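Features reported for this protein in TrEMBL:
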type: BINDING; residues: G267, G268, A269, G270, T271, G272, K273, T274; note: ATP binding site
type: DOMAIN; residues: 246-545; note: domain 'UvrD-like helicase ATP-binding'
Amino acid sequence: MPTIIMGKLASKIDGSVRGKAMSFLQKLGADDTAPGLHIEPIQHSADPRVRTGRVDEFWRAVMFRLDGDGDTHYVIHGIWPHDDAITTAQRVRLKVNPINGLPQVEEIEPAFVAMTPPPATTDPESAKPLFARLGHEHADLVDKLGLPEDVATQAAAAADEDAILTLAERHDGWIGTILVDLAAGDDIDAIVQRMQLEKTSSSDDDADVLQSLKRPAAALQFAFIDGQEELRRVIEGGDFGAWRIFLHPEQRRYIDRPYNGPFRLAGGAGTGKTVVLVHRARALAQRDPAARIVLTTFTTNLADALGDSLTQLDPRVPQTKTLGQPGVYVIGVDALAAAVLRTAGNGLAPAMRDVLGEERAAPLSRTAPNLWREVVESTGTSLPPEIANETFLATEYAHVVLPNKVHDETGYLRVRRPGRGVALDRARRRAVWALIDSYRARCRIDGSLDFTEAAAVAASHLAAGEDRPADHVLVDEGQDLSPTHWLLLRAAVEERPDDLFIAEDSHQRIYGSRVVLGRYGIAIVGRSQRLTLNYRTTAQNLRYAMSVLDNGQYVDLQDEPESTGYRSARSGPAPTEVIVDSLSDELQAIVHHVRSWLGAGDAHETVAVLVHDRFHRDRVVTALTEQGVDARAVDRDRPSPGRVPVLTMHRAKGTEFSKVVLAAGKPSPAELERLAMLDPAERADAELRGRSLRYVAATRARDQLVVVQRN
Ligand SMILES: Nc1ncnc2c1ncn2[C@@H]1O[C@H](COP(=O)(O)OP(=O)(O)OP(=O)(O)O)[C@@H](O)[C@H]1O
């Protein structure tokens, strides 16, 4: 049976012909001599391997037939209306690029594409094309990277990054990826290494071309299709499903490579961290079907989205609903703690004693989130407001008291408090402990545990037992997890190769305080890498989002300064900023943009409005609904098709939309009052989190971003 190799261009099939393309390719994959397919060579074609096939009376597929590995292979180049298909088929040639060993589809007499001339300027340095300013020589582009001569010439003449992006978009695949890297100022040798490019002496015969199609960087553009079901998903997924199939060689490496211990993958918003995690979960499950794999993240909503992505990637990967069973257990980290506590049943007493220093029955309920405030208000504490507040106390409890298993005042007077900005003398430590003691007393009476306690108790329970419930733990949104979450995840899997794989972006920390993994038994040393190519966001939106972070002091999970060198492979319109004077103007601006996008044919669910809080969210839904737009507030459930989702910026984490109106709003008077009360170090951290939240929100837009700001 012939093997189908899908080109990326071909996967972007016109919606009207998808069904027929599917049935054509299915038949081709079963038997290329089947009547009706009309697989035919083309007279006077540049490449004798080229074939056309009949999709219907109007559409034709253009393919290359390769015979090698004892099999027939069809590399699907694209599907076009009949006449265009014939012209394309006569002109295209599939060859091995001798400089980098990658497969290359060449067009004889390529269409001339005019480049935007550099803008007139009096400054001789900025008058130079971008690549000249970056020191990239035309000869190196051709001789070291293997860029086709015409592409190298156009790239060398391009005025700026936007012109390069336009060129890269026309050459989707390894050529486009190299152009984007060059525009970001990457060193040519670094690109050669990252893309695993190698000079080759191979010819263009079928076996050599097949070999080149199996090179890591070829996966950016060509995918070997494994069965009919896979074929259906590629065709239906189109451009949105590209992440499932066309992987960057770097992504491929993080998916497949074994690691000797915990591994950390950093990367900005939209760089494909989640994609790597989901693929890696599948790869681990395929490698060992008996493996117990936990795929976890900060919230249940995010976990639902991860589970959905895993199903989209490959519905054959078994997803289990039970901790400790073979398969992939996709779950939010607090729900994981709850599952451990549930499974332990009456056996929790030792862990309770270990963490809290007292006898406690199995927890009956979750501690009310405002209990810290109640404790402060009901206790006549002598502490100043910058310490006697919910933020300080909850953080102190989660970062110092619980991970160190502090049981009493004596223990608290001795404990080290690394990373805590606020210094405490002995008297203040005593006063803080008095509040913590009251908090614990209240929880004891209520029979409740808070989220951080639950994770700590679950961690202690697992650490004391013989059996760990997982063989591999994969973590998304690592920057948001608290110390006791890390203790739990460390205890969930024994120290072994491929135990923990952690994706994080410290620029997206929007919940707790920052954490240093080494303090919780997770030693990354030397096993840390960064993804830098943003797939989601246009370069224009990315620039805007990065500007929100300017001059912020961000630190990663290994206590190192976070870098910001991200690039995007796509370009689009610059974000629009709208300044309004009143709430009604703001609502009007939101409605106006949403309606104009819907009017232009955008599907409801691809357009979203992001707001600061739930109250404003509901107001926006009402305003949209009154103006005849079918809109829906999204909270715990998934966004529903056919309706414009309106979400808080927190809820928007992990989502993406084609077009976004971001109405970030201003902090409420109550919020400002709360911030004013904090210690300067904690206030600075809260401000960083505020910026991160706007960064998260701005990076949800794939194509277009409108920011509405109140004066
Ligand atoms: N190899 C790829 N080819 C095409 N698209 C890709 C590829 N890798 C990732 N993407 C797309 O990029 C987008 C972002 O990917 P993903 O959600 O994995 O990024 P992330 O780093 O986890 O982002 P965030 O931190 O913002 O949640 C998704 O739309 C995904 O489909």
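Placed from the backbone N, Cα and C atoms, the Cβ positions cover glycine too.
Mapped onto this structure are the features recorded in TrEMBL.
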residue : record           : Cβ neighbours (10 Å)
G267    : ATP binding site : 23
G268    : ATP binding site : 30
A269    : ATP binding site : 25
G270    : ATP binding site : 25
T271    : ATP binding site : 27
G272    : ATP binding site : 23
K273    : ATP binding site : 25
T274    : ATP binding site : 20
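Residues T271, T274, taken from the binding-site residues G268, T271, T274, are distinguished by a CB atom under 6 angstroms from ligand 1. Mean model confidence for the domain 'UvrD-like helicase ATP-binding' (246-545) is a pLDDT of 93.
Taken residue by residue with DSSP, K273 (ATP binding site) is part of a helix.
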